[in-house]
Amino acid sequence: MENGAAKPVIVAIDGPSGTGKSSTSKAVAAQLGLSYLDTGAQYRAITWWMVSNGIDIEDPTAIAAVAAKPEIISGTDPANPTISVDGTDVAGPIRTQEVTSKVSAVSAVPEVRARITELQRTLATSAEYGIVVEGRDIGTTVLPDADLKIFLTASAEARAARRSGELKGADVNATREALIKRDAADSSRKTSPLAKADDAVEVDTTALTLPQVIECVVTLVEEKRAAK
Ligand SMILES: Nc1ncnc2c1ncn2[C@@H]1O[C@H](COP(=O)(O)OP(=O)(O)OP(=O)(O)O)[C@@H](O)[C@H]1O
Ligand SMILES: Nc1ccn([C@@H]2O[C@H](COP(=O)(O)O)[C@@H](O)[C@H]2O)c(=O)n1
């Protein structure tokens, strides 16, 4: 950990599924003494609540009507990121296949995005030493004035291989199709789609190891900090 007397720095890391956003962001934040926010976990948490409360995921009006109800709390320590809904730890349940398959429909609802975006901005502005925020629309919508914006990419094949390794032998082709489907839904929604900000630095991670990506991002953050 290192934070010294440096001014707070806000880093936005966006990109499609499986490009390494969470692994990279957590490691960079830990190495530089910054907070860390996984915004996908927040969208998964509200999706988990909708499913648990019998809300019809195919009905955006029904989702919008209850979007303000669940209390979602994110812990931003990169060594122990937490996520709870109405006081219940949902770190495990939000990673189920059911939530993964439904999250894009819930996250496309404008009232859900407005609610979650507000939470994200509050956390980002209150981080004492700065924060690494990872998601799909951080550089474009949530924190358009971030000090540094990174857009991670990787081939669908590399991302599927990474994910199926993580899911202990899941079928690579099925995993690849599921990733592509979720990216298409996230990129084509009307409100705040997955997109690279014009001023983001694009890092193609296909041929890079995770430590190489982390080193690349740490260097970019240090350069920004030095220039502040
Ligand atoms: N450069 C890399 N080389 C090899 N494996 C990697 C690399 N980056 C990440 N991984 C692995 O790929 C998997 C997905 O990474 P991670 O969860 O960080 O991606 P993500 O972009 O946050 O995905 P999602 O948006 O779906 O949550 C993890 O098992 C991680 O360890
Ligand atoms: N800024 C964001 C972050 C995430 N989403 C939605 O959440 C889903 C899950 O994200 P993971 O990173 O945990 O895989 C993602 O597919 C998006 O639907 C978002 O909309 N905006």
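Keep in mind that glycine also has a Cβ here, set from the backbone N, Cα and C atoms.
What you see is a predicted model, and the numbers here were worked out from it, not measured in a lab.
Feature annotation from TrEMBL assigns domain 'Cytidylate kinase' to 11-222. Sequence annotations record features per position, and here TrEMBL assigns ATP binding site to GLY15, PRO16, SER17, GLY18, THR19, GLY20, LYS21, SER22, SER23.
The structure, with features from TrEMBL marked on it.
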{"residue": "GLY15", "record": "ATP binding site", "Cβ neighbours (10 Å)": "25"}
{"residue": "SER17", "record": "ATP binding site", "Cβ neighbours (10 Å)": "23"}
{"residue": "THR19", "record": "ATP binding site", "Cβ neighbours (10 Å)": "27"}
{"residue": "LYS21", "record": "ATP binding site", "Cβ neighbours (10 Å)": "27"}
{"residue": "SER23", "record": "ATP binding site", "Cβ neighbours (10 Å)": "15"}
Excluding GLY15, PRO16, SER17, GLY18, THR19, GLY20, LYS21, SER22, SER23, which residues of the same chain place their Cβ within 8 Å of the centroid of the Cβ atoms of the recorded ATP site? THR24, GLU134, LEU152, ALA154, ARG159
What remains of the binding-site residues GLY15, SER17, THR19, SER23 after requiring a CB under 6 angstroms from ligand 2 is SER17
Under a three-state reading of DSSP, tell me whether GLY15 (ATP binding site) is helix, strand or coil. coil
